[in-house]
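Have a look at the structure below, then the notes.
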There are 4 protein chains.
Amino acid sequence: MDARGWVPATAGNFSVRLGPGRVAVTRSGFHKGMLTPAALMVVDEQGRPEDASLRPSAETGLHCGIYRRYPEAGAALHGHSIPVTVLSRRAGDAITLSGYELLKAFPGLATHEASISLPVVDNDQDIARLQAVVEARWDAGAAKIPGYLIRGHGVYVWGRDMPEALLRLEALEFMLACELEARKL
Amino acid sequence: MDARGWVPATAGNFSVRLGPGRVAVTRSGFHKGMLTPAALMVVDEQGRPEDASLRPSAETGLHCGIYRRYPEAGAALHGHSIPVTVLSRRAGDAITLSGYELLKAFPGLATHEASISLPVVDNDQDIARLQAVVEARWDAGAAKIPGYLIRGHGVYVWGRDMPEALLRLEALEFMLACELEARKL
Amino acid sequence: MDARGWVPATAGNFSVRLGPGRVAVTRSGFHKGMLTPAALMVVDEQGRPEDASLRPSAETGLHCGIYRRYPEAGAALHGHSIPVTVLSRRAGDAITLSGYELLKAFPGLATHEASISLPVVDNDQDIARLQAVVEARWDAGAAKIPGYLIRGHGVYVWGRDMPEALLRLEALEFMLACELEARKL
Amino acid sequence: MDARGWVPATAGNFSVRLGPGRVAVTRSGFHKGMLTPAALMVVDEQGRPEDASLRPSAETGLHCGIYRRYPEAGAALHGHSIPVTVLSRRAGDAITLSGYELLKAFPGLATHEASISLPVVDNDQDIARLQAVVEARWDAGAAKIPGYLIRGHGVYVWGRDMPEALLRLEALEFMLACELEARKL
C-alpha cells in the first residue's frame with residue numbers, strides 16, 4: 001500500500017480479528033510502509049489494550065466499531081489516497097458508483113449494473129463521536145456497504161479476511177481514481 | 001502489469017494457445033499480480049475445461065472467441081486500466097486513434113499517419129451474449145483491429161505470441177493515456 | 001525520494017545537523033537518487049566547508065539558514081516535485097492548506113480543523129538574498145510553519161531529525177498533490 | 001527509463017559515440033526495458049552498420065545527425081513519454097519553457113530567469129527528410145538547445161556523455177510534465 005501512495009506519513013492503519021474479543025491493530029505513530037511486529041498490538045472489541053503499557057492508535061475505535069457491528073468481518077484497512085481525499089472533500093454525504101465491472105468485488109453485487117452509495121462522514125478528532133455518526137449511517141441503511149469515507153482523511157474497508165479486505169480496497173481505490181479522472185473531463 | 005495498475009483486484013486475465021484446440025487461461029478469482037501455475041487451467045476453443053473439476057473464469061469465453069476467429073492469434077491479454085475504464089464509459093461505439101507513432105505497433109500500419117477505430121462494446125454479465133456482440137462488430141468491419149474495449153470494464157488485445165500481445169497492449173494503453181490527458185486540456 | 005519523482009536531475013538536497021556548528025549537506029552536482037558518502041560534506045552554520053577543497057551546493061546557504069533560526073531543527077530536506085513546482089508558479093505569496101487530516105503532521109496542530117499558510121518566495125540565484133527574503137517572512141509571522149516553497153523551484157521542510165523531516169515532507173507533498181488535483185475539477 | 005513509462009512498446013532508443021566515426025546505437029525491434037548487448041550495434045556517422053548483417057533502427061539517422069552536427073555530443077537519448085506526446089501534438093513549431101529552476105540543466109543557462117524555445121517538428125516516416133527538417137531548424141537558430149520534439153512521437157536529447165544526456169532528459173521531462181499539469185488548471 002505504501003508503494004501506491006495509500007499510506008503517506010503515519011496515515012493509515014490495519015487490523016485483523018484474532019478471535020472472539022481479540023483484535024490485532026497497528027500502533028500509533030509508526031510509518032505503515034515499514035511495519036514490523038512491534039508496530040502491532042492486541043485490543044479487545046472496545047479498543048482496550050491487553051498490554052496496558054501500549055497506547056493504541058486513536059483510530060482503533062473505528063476498527064473496533066466495525067468488528068462489533070459485523071460478526072463476519074475478519075480484517076479492516078484504513079487507507080489515505082489522493083482520490084479518496086480529494087473526492088471526499090467535495091462530496092456531500094455519499095459518493096455513488098455505478099456501471100463499473102469492479103462493483104462485483106462488493107458483496108451482493110453480481111453485476112456491474114448495480115450501483116453503490118458509499119457513505120461519506122465528516123472528519124472528527126473525537127473518535128467516539130465519529131464512530132457514533134458512522135453507526136447512525138449504518139442504522140439508516142448504509143450497513144450493506146463494507147466501507148465508508150471520512151472527509152479529507154481516508155477510507156475504511158473490511159472483509160472476511162485480509163485478502164478480501166485488500167481486494168475490496170483495491171477495487172474501491174480503482175473506481176474512485178476513475179471518478180476523479182472522469183470529473184476532470 | 002500489476003505494477004502499472006492494469007489488473008486491480010481480481011480483474012484482468014491472460015491466455016496462451018498451446019496448440020490446436022488447447023488454450024491455457026487464468027482461472028477465476030485469483031489476483032493476477034500473484035500468479036502461480038495453479039492459477040492456470042486448460043480449456044478447448046469452446047471454453048470447456050480439460051480437468052472438469054476446475055471452473056474457468058467467466059471471461060474465458062471471450063478469449064476462446066478470439067482464438068476461434070483469428071487462427072494466427074497465439075496469446076490474448078485482458079487488462080483493466082484507469083484510462084480504458086474512464087474513456088470507454090464516455091465513448092460511443094468506438095474510439096479513434098490517429099497521428100501516434102505507436103500506431104505502428106498494430107498490423108498493417110506502417111506509418112503514424114494511419115488511424116484506427118477501436119471498437120467499444122457495452123459490458124454484459126452474459127458472456128455468450130457479449131461475445132456475439134463482439135463477433136457482430138468483427139463482421140461489420142472491425143476485424144482488422146487486434147483489440148476492443150468493454151465499457152467500464154477493460155480491454156482485450158491479442159497477437160501471434162505473448163511478447164507481441166504485450167507490446168500491443170503497451171502501445172494501446174500509452175495512446176489511451178495520452179487521449180485521456182489531451183481531453184483534460 | 002527519487003522513486004517518487006521528487007529529485008529530478010541534480011535537483012534536491014538534504015542535510016543533517018551533526019552537532020553545534022556542524023552540518024552535513026549534500027554536495028553540488030550529484031544525482032540524489034544515487035547518493036554515496038562521497039556526495040556529502042561538512043560545513044559550519046555559515047555554510048563554510050571544513051574541507052576547503054570541497055565546493056558546497058549553492059543551496060547550502062538555505063539549509064544553514066534553517067539551522068541558525070531553529071535550534072531544535074536536526075534535519076532539512078529540499079525536494080522538487082511536480083505539484084510543488086506547478087502550484088508555486090501560480091501562487092501568490094502563500095498557499096493555504098486546511099481541512100486535511102495530515103495537517104496533524106505539523107507542530108502545534110492537533111486537529112484537521114487547523115489551517116496553515118505555507119510561505120512562497122520568488123526564486124533567486126543569489127542565495128544570500130533569497131535567504132534574507134525567507135528570514136523576513138519568518139519575522140513577519142511565518143516562523144511557526146516548518147517549511148516554505150520557492151517559486152518554480154521546490155520545497156524546504158525540516159524537523160527534529162530525519163524521520164520527522166521526511167514525515168512532514170510526505171504530508172506536505174500529499175496535501176499539495178491533493179490541491180493540484182482539486183484545482184483541476 | 002522503462003519504469004517511468006518513457007519507452008513504451010519498442011519505442012525509444014539510445015546511442016553513445018565510441019570515437020571518431022563510430023556510434024553504438026540500439027537496434028530495431030527490441031524492447032528497451034530489457035536491453036542486452038545483443039540489442040546494440042555499431043554504425044558510422046552516416047548510419048552505415050559495421051556488421052552489414054545487422055539492420056539499424058530506422059531512427060539511427062536522427063542519432064547520427066546529432067553526432068555530425070555537435071562534435072561535443074557523446075550520447076543521445078530518444079524517449080517517448082505521455083507529456084511529450086500530448087504536448088507535441090498540440091504545439092505549434094516550438095514549446096517555450098521559462099521560470100523553471102531546472103532550466104539550469106541546459107548549457108549556457110545559469111539562471112531560472114532564462115527561457116528556452118524547444119523545437120517541435122512534424123513526424124515523418126522518411127527519416128532522411130525528417131533529419132533535413134531538423135537541420136533547417138538548427139540553421140534557423142535552434143542549435144543552442146540540445147534537444148527537440150517530434151510531434152506525437154517523442155523527444156531527442158543529447159549531452160557530452162550519458163549522465164549529462166540523462167540529466168537533461170530528466171530535467172526536460174520534469175518541465176514538460178509541469179507544463180501539462182499547468183495547462184489543465
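Cβ atoms are placed via backbone N, Cα and C, with glycine included.
Keep in mind it's a predicted model, so treat the numbers as computed, not measured.
For A:1-180, the entry in TrEMBL reads domain 'Class II aldolase/adducin N-terminal'. The Zn(2+) binding site annotation in TrEMBL covers A:His78, A:His80.
A 10 Å cutoff on Cβ-Cβ distances gives A:His80 (Zn(2+) binding site) a total of 26 other Cβ atoms nearby, all chains included. A:His78 (Zn(2+) binding site) carries a strand DSSP state (E or B). Counting only residues at least six positions away in the same chain, the Cβ atoms of A:Gly12, A:Asn13, A:Phe14, A:Glu59, A:Leu62, A:His63, A:Gly154, A:Val155, A:Tyr156 sit under 8 Å from the Cβ of A:His78 (Zn(2+) binding site). Across all of the domain 'Class II aldolase/adducin N-terminal' (A:1-180), the predicted model scores a mean pLDDT of 88.
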